[in-house]
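> I am attaching a structure below and will ask some questions about it afterwards.
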Amino acid sequence: FWEDGIMSGYWHPKSSALDCILSSFQMTNETVNIWTHFLPTWYFMWCFLVLSSSLDFCQEPYHWPLLIYLLLVCLYPFASTRAHTFSSMSARARHICYFCDYGALSLYSLGCAFAYGAYTMPDHWVSGVLHRYFVAVAAFNSFVCTSLSCYSRFPELEHPRLSKVLRMAPFVYPFLYDNIPLFCRLLFCFWSNCAWNEAVAGYCYHLLFALLTGFLFASHLPERLATGRFDYIGHSHQLFHICAVLGTHFQLEAILCDVCSRRAWLQGHLPAPSLPGTFGIAGLAFLGNAAIIGAFTAALPRAP
């Protein structure tokens, strides 16, 4: 269970579930990891409840992609909290917890595709080929990314560098794919000197924090430069969590701005979202990712 650059603060590797819960109230090297995603889970749930009181998610198909995005935004920090809390029960439990964490992140990337495809797509791409298949390809990407990230846990002892690459690629690739509409929209916006509105500013902040998130995950800074000094507070995974949550916050604010400001134009150029194209795809993606996690869980006893 040892991490690079972190020398102390580890919880007992064969703890009970109750011990793991109690450890979140004691200072270990996982305590801040737990709370930096547990508290944002409640924040995003609060955002969802506030929006539910003002938006009709049941009767207005226009808001269905936003509903799926909000649900998956609440899911990924909760799955991460669960993983960091219960990963000390055993080696098998650690793998299963992080399998679920990877699946939740893959589904979050699908939620981003739903939101971007419905509200953020550049005007001249609306109803184009990429737009028509954007969400379906993102759903397929979630299967590939969950599979690769789960498999990355099997060769991590014998081939740690390969494991690192296999774990990073499933997060970098969907990020690049999901943000194709956003990159092009921002590029066209800067090229044509369009007005700097709240949505554009939010997306820029989101991309900034997303880049910081990836850098921290890959570099293991600052603990790599000062081994043992950031064991409890300030190591890269804690900063990674904070940057990820801030990036999601700015992304949510920007999407909500687009939902309101582009509604009339989008409804005039697009048909209303359908049940099969929204909840159908999301449900199949959830079941498919659950099946992948189940298959890797079943393979654990045969892993070295």
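Backbone N, Cα and C atoms are what each Cβ position is placed from, and that goes for glycine too.
Grabbed the feature section from TrEMBL, which reads as follows:
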| type | residues | note |
| --- | --- | --- |
| BINDING | His84, His237, His241 | Zn(2+) binding site |
| TRANSMEM | 34-55 | transmembrane segment |
| TRANSMEM | 61-79 | transmembrane segment |
| TRANSMEM | 99-119 | transmembrane segment |
| TRANSMEM | 131-151 | transmembrane segment |
| TRANSMEM | 171-193 | transmembrane segment |
| TRANSMEM | 199-218 | transmembrane segment |
| TRANSMEM | 276-300 | transmembrane segment |
> Which one of these stretches, 34-55, 99-119, 171-193, 276-300, has the most C-beta pairs shorter than 8 Å to the transmembrane segment (61-79)?
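Out of the listed stretches, 99-119 contacts the transmembrane segment (61-79) most.
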> If you count other Cβ atoms within 10 Å of each one's Cβ, which of the binding-site residues His84, His237, His241 has the most?
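Result of the Cβ crowding comparison: His84.
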> Using the Cβ centroid of His84, His237, His241 as the reference point for the Zn(2+) site, which residues of the same chain not in that list have Cβ within 8 Å?
Glu30, Val32, Asn33, Ile34, Thr36, His37, Ser80, Gln238, Phe240
> Other than its close neighbours in sequence, what residues sit by the transmembrane segment (276-300), given a CB gap under 8 Å and a spacing of at least six beyond its ends?
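Counting only partners 6 or more residues beyond its ends, the transmembrane segment (276-300) has Cβ contacts under 8 Å with 61, 64-65, 68, 92, 95-96, 99-100, 103, 106-107, 110, 114, 135-136, 139, 142-143, 146-147, 150-151, 154.
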